[in-house]
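The next block holds one structure in the form of structure tokens; read it before the comments.
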Amino acid sequence: MEEERKPPLGQRILDNMWLLLALGLAVPTISYTLWGIIELISMGDATLP
Amino acid sequence: MSIFSPVGNWFKAPTGTERLWVGLALTWCLIMSVTMPYWHFKGKQNSTGESYKVEASAFLDRANQFIESNKVGEEKGVPIVEPSPGGDAYLVGEMWRWYPILKLKKGQTYRLHISSPDLQHGFSLLPMNMNFHILPGYDHVLTITPTSTGDFEIICNEFCGIGHHMMTGKIIVE
Amino acid sequence: MNATQAIAKFRTCKTTGLRVFRNAEFFTKVNAVLAVVFLLVGAIAAIGLALTRWTAVHLLGSVYYYRMLTLHGVNMLVFWIIFMEMGILYFACTTLLNSRLFSKMLGWISLALMGIGALMTNYIILAGQADVLLTSYVPLKAHPMFYLGIILFAVGALIVCFNFFATLYIAKRDETYEGSMPLVTFGAMAAAIIAVLALAHGAAALIPTFMWSMGWIGPVDPGLYRLLWWGLGHMSQQINVCAMVSVWYFMGTMTTGAKPLNETVCRGAFLLYILFINLASAHHLLVDPGVGPGWKIWNTSYAMYLAVLASMIHGYTVPASLEVAQRRKGFTKGIFGWFSKLPWKDPGFSAVMLSIIIFGFMGGITGVTLGTEQINIIAHNTLRIPGHFHATVVGGTSLAFMGLAYYLVPLIFQKEFYLKGLARIQPYVFGGGIVVMSLGMSFAGSYGVPRRHWDVDFSGSILSAGFDPIAHVMLGLVGIGGIIAFLGLLLFIGLTVATVFFGRSNEGRPMESWQDEHSTRMKDELIEKGYEEEGKDYEHIKTPGTLTVVIIFLLTFAVYYFANWKALADLWFVR
Ligand code: HEM
Ligand SMILES: [Cu+2]
Ligand SMILES: [Cu+2]
């Protein structure tokens with residue numbers, strides 16, 4: 001039957017809580033936290049002319 | 001119903017008014033997305049966060065040397081210091097004062113170094129309402145060009161202990 | 001109650017027909033009660049703050065002002081909101097999925113940790129050993145118990161999230177429900193995902209700080225601390241957003257029989273939250289040293305404003321679903337005929353509707369604008385910031401949670417409210433007060449009036465400073481709005497506490513409706529039809545009213561946004 005087939009990919013993604021959990025943790029950690037830490041540690045020393 | 005489980009295939013694109021709104025909202029989001037980078041290149045007011053690691057004592061030494069060699073007066077015991085146009089100027093924010101008083105020239109650009117030897121402070125320039133965050137250990141450099149003349153107040157807008165409300169300073173622009 | 005049900009693990013709700021699982025119900029109740037207790041502590045501090053910022057009154061001395069500010073921030077933003085959210089998580093993963101709770105044991109452990117943590121933190125603040133404000137920016141140092149209390153609380157909350165995910169897992173494995181999880185549970189799941197990340201950042205910021213306060217390690221870098229702390233501080237606001245939006249959907253259904261127009265759109269918007277909303281923690285660091293413009297612009301824009309898109313979507317779909325529900329009931333007159341026929345006297349409804357309006361028109365517009373990298377120069381640490389977040393987390397989230405409580409108490413505690421007339425006006429009093437206070441804060445802040453500041457006359461300073469008289473008038477509005485909101489809050493606390501402990505029981509009966517017979521019947525019919533028609537949509541029903549409102553919203557947004565760019569352009573040049 002038509003309805004018995006697997007739902008479309010988008011629906012399966014939205015139904016997959018582990019995938020959402022993984023993405024939800026990874027994206028901000030990389031973009032905000034890790035990138036932010038890299039910015040902080042790559043700061044140079046003041047020369048104070 | 002938001003409280004019942006949808007069954008079967010419910011995945012489908014929006015239609016009608018909903019589709020229209022999603023499109024409008026997306027357009028607005030894209031407009032805002034280009035405005036910030038546009039201003040970064042074309043605008044005159046940006047917070048680039050230019051800064052360097054600095055020891056508190058080294059910064060204080062440099063600031064005191066700057067005060068000694070450029071001092072032009074005093075107000076209520078606070079030195080008034082005039083940096084050379086286009087040059088570096090130093091401002092210390094500590095519990096609970098901003099010093100020295102800076103004397104700047106309208107239209108000239110200065111590299112203003114601000115740091116703190118103790119706690120975090122909030123540099124807030126009034127009545128313009130320009131605000132920057134100051135951290136101990138960080139030499140925060142603002143490349144600043146006054147565009148108006150007069151006396152300007154500096155206050156502290158990050159909590160820095162019980163005397164926080166007494167922490168003030170001054171910039172004079174001619 | 002018959003014998004089989006007495007030993008059963010659940011009871012069947014006489015109002016909704018849903019199964020309420022005993023274990024989860026217990027934890028929902030305890031968390032909700034604790035939430036209200038800490039709300040009261042926060043409220044007592046709040047009135048002191050409002051009356052101190054009102055310069056003509058200037059109630060508290062400086063020491064007590066900062067102590068009450070710490071107490072208010074911690075109890076409101078952490079304990080009230082998060083306890084309430086934990087209650088919602090317990091409910092959303094059991095009753096709505098028809099599943100038992102994964103572990104009662106974990107429920108107890110998390111409750112103990114959260115309770116002890118909250119008590120420790122409150123004790124040490126009141127003892128005067130932690131006047132460091134909510135953010136406890138290093139190198140400001142508090143007594144170690146302050147950090148430890150918050151760490152214990154956070155670990156407890158993390159365990160609740162684990163229990164929640166484990167329950168979602170067993171519900172799916174045991175097939176307690178068919179198809180996909182309900183939208184409200186999906187939204188709660190988004191909140192839980194964000195909570196895990198927020199609490200992890202909190203641990204990363206506070207555990208080293210705790211060790212430093214014990215003298216075990218050297219100083220913590222203040223820039224790094226801010227980066228990590230705002231991972232906790234702002235991400236927990238995104239938990240609030242997700243929880244609030246879920247409550248909007250839940251209450252939309254409960255009070256009007258509304259049904260989400262398109263599940264894909266609603267869930268897709270939550271997905272955008274999950275992916276992008278947490279980047280916005282960066283907007284606290286926009287005028288900070290140490291982080292560069294690329295990082296600031298990208299993160300504060302939530303990856304090209306995709307999370308703002310999500311909020312704008314919810315801001316349309318919730319009212320549009322109400323409009324469709326109303327039109328299906330036959331309220332089809334004109335563009336706004338459906339609107340005036342909404343159940344405005346039902347406090348569950350009015351609180352949620354006010355929450356949508358205040359959150360959208362005030363909180364959302366100001367938040368996105370103030371969080372713009374360059375515009376933040378004229379907003380950072382001014383009263384514009386509390387003006388913004390009292391419209392999001394108070395007029396938005398807290399008010400929505402109050403609306404929820406008007407249904408939670410009869411349905412979960414099975415007690416009927418006394419003095420229903422007072423309950424009906426409570427959302428308007430509280431919402432109105434918050435609107436006035438938030439406007440006062442925002443306008444005062446646009447003169448540069450700082451937040452977290454005891455004396456804007458700067459008495460005792462060497463170099464004088466001060467503000468325009470109009471700014472003082474605006475601070476008067478903060479005081480007046482604060483008093484009104486405080487009364488609204490006391491009304492809420494008084495009514496719910498009285499009802500929970502002394503209310504008339506409605507066990508074995510459906511809850512008494514807040515609405516008249518006719519509208520109750522109409523909404524119940526829609527809810528019943530919702531079962532049969534699940535999966536169908538109402539695309540043939542147009543939503544011209546909602547479209548008009550959201551277009552007005554967009555125009556307001558654009559005007560406010562560009563007016564702020566204009567104000568910025570008048571400043572000195574700075575890079
Ligand atoms: C009767 C209701 C309320 C009133 C009158 C009120 C009033 C105030 C006032 C006057 C301030 C101080 C602003 C300053 O001087 O910097 C403040 C700060 C704050 N409020 Fe409220 N508030 C209320 C409810 C809430 C609620 C329900 C929440 C959270 C859910 C909340 C969260 C906060 C936070 C996070 C701060 C900032 C604390 C800080 O700067 O560390 N408030 N509030
Ligand atoms: Cu200061
Ligand atoms: Cu200060």
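Sequential numbering from 1, following the chain as shown.
Backbone N, Cα and C atoms are what each Cβ position is placed from, and that goes for glycine too.
From a predicted model like this one, the values you see are computed outputs, not experimental measurements.
Below 8 angstroms of C-beta separation, residues 60, 64-65, 68-69, 71-72, 75-76, 79-81, 83-84, 87, 114-115, 118, 122, 383, 401, 405, 408, 412, 437, 454, 475-476, 478-483, 485-486, 489-490, 493, 496-497, 500 of the same chain, each at least six residues beyond the ends of the transmembrane segment (C:32-54), sit close to that stretch. The annotation transmembrane segment is assigned in TrEMBL to C:32-54 (among others).
Annotation source TrEMBL lists domain 'Cytochrome oxidase subunit I profile' at C:33-512. Residues belonging to the domain 'Cytochrome oxidase subunit I profile' (C:33-512) score a mean pLDDT of 95 in the model.
Sequence annotations record features per position, and here TrEMBL assigns transmembrane segment to C:74-93 (among others). Long-range neighbours of the transmembrane segment (C:74-93) within the same chain, counting only residues 6 or more positions beyond its ends whose Cβ lies under 8 Å from a Cβ of the stretch, are 24-25, 27-29, 31-32, 34-36, 38-39, 41-42, 45-46, 99, 101, 107, 110, 114, 118, 121-122, 125, 134, 150, 153, 157, 160-161, 164, 167-168, 171, 184-185, 188-189, 191-192, 195, 236, 239-240, 243, 246-247, 393-394, 397-398, 401, 404, 408, 412.
Proximity of distant same-chain residues to the transmembrane segment (C:105-126), defined by a Cβ-Cβ separation under 8 Å and at least 6 residues beyond the stretch ends, is recorded for 23, 26-27, 30-31, 34, 38, 41, 67, 70-71, 74-75, 78-79, 82-83, 86, 90, 142-143, 145-146, 148-157, 159-160, 162-163. The transmembrane segment annotation in TrEMBL covers C:105-126 (among others).
Under the heading transmembrane segment, TrEMBL lists C:183-207 (among others). Away from its own ends, the transmembrane segment (C:183-207) comes close to residues 85, 88-89, 92-93, 96-97, 147, 150-151, 154-155, 157-158, 161, 164-165, 168, 225, 228-232, 235-236, 238-239, 242-243, 245-246, 249-250, 260, 263, 266-267, 270-271, 273-274, 277-278 of its chain (Cβ-Cβ under 8 Å, at least six residues beyond either end).
Sequence-distant contacts of the transmembrane segment (C:227-252), counting only residues of its own chain at least 6 positions beyond either end whose CB sits under 8 Å from a CB of the stretch, comprise 77-78, 81-82, 84-85, 88, 92, 134-137, 154, 183-184, 186-188, 190-191, 194-195, 197-202, 204-206, 258, 260, 266, 270, 273, 277-278, 280-285, 291, 311, 314, 318, 321-322, 325, 348-349, 352, 355-356, 359, 389, 392-393, 396-397, 400-401, 403-404, 407. If you look up TrEMBL, you'll see C:227-252 (among others) marked as transmembrane segment.
Tertiary proximity for the transmembrane segment (C:264-282) is limited to same-chain residues at least six positions away from its ends with a CB under 8 Å from its CB atoms, namely 183, 186-187, 190, 193-194, 197-198, 230-231, 233-235, 238, 241-242, 245, 249, 291, 295-296, 298-303, 306-307, 309-311, 313-314, 317, 371. Summarising the annotation, TrEMBL assigns transmembrane segment to C:264-282 (among others).
Annotated transmembrane segment per TrEMBL: C:302-322 (among others), in sequence order. Beyond its flanks by at least six residues, the transmembrane segment (C:302-322) meets 241, 245, 248-249, 252, 256, 258-262, 265-266, 268-270, 272-273, 275-277, 279-280, 338, 342, 356, 360, 364, 368, 543, 545-546, 549-550, 553 of its own chain at Cβ-Cβ distances under 8 Å.
Feature annotation from TrEMBL assigns transmembrane segment to C:349-369 (among others). Residues 244, 247-248, 251-252, 255-256, 305, 308, 311, 315, 318-319, 342-343, 375, 384, 387-389, 391-392, 395-397, 399-400, 402-404, 406, 424, 426-428, 431, 434-435, 438-439, 442, 514, 553, 556-557, 560-561, 564 of the same chain, all 6+ positions outside the transmembrane segment (C:349-369), place their C-beta atoms under 8 angstroms from a C-beta of that stretch.
Here the transmembrane segment (C:389-413) has long-range neighbours at 13, 15-16, 20, 25, 28-29, 32, 35, 76-77, 80-81, 84, 87-88, 91, 237, 240-241, 243-244, 247-248, 250-251, 254-255, 346-352, 354-355, 358-359, 362-364, 366-367, 423, 426-427, 430-431, 434-435, 437-438, 441, 485, 492, 496, 499-500, 503, 506, 511-512, 514, meaning same-chain residues at least 6 beyond its ends whose C-beta is under 8 angstroms from one of its own. The feature transmembrane segment is assigned by TrEMBL to C:389-413 (among others).
Note on the transmembrane segment (C:425-449): residues 50, 347, 350-351, 354-355, 358, 362, 366, 378-379, 382-388, 390-391, 394-395, 399, 402-403, 456, 467-468, 470-471, 474-489, 491-492, 495, 567 of its chain, located 6 or more positions outside it, place their CB under 8 angstroms from a CB of the stretch. Taken from TrEMBL, the feature transmembrane segment applies to C:425-449 (among others).
TrEMBL lists C:469-502 (among others) with the feature transmembrane segment. Counting residues 6+ beyond its ends, the transmembrane segment (C:469-502) has Cβ neighbours under 8 Å at 33, 36, 39-40, 43, 46-47, 49-51, 53-57, 383, 394, 402, 405, 409, 413, 415-419, 422-423, 426-427, 429-441, 443-444, 447-449, 456 in the same chain.
With a cut-off of 8 Å between Cβ atoms, the residues of this chain six or more beyond the transmembrane segment (C:545-563) that come close are 312, 315-316, 319-320, 323, 335-336, 338-339, 360-361, 364-366, 368-369, 372. Under the heading transmembrane segment, TrEMBL lists C:545-563 (among others).
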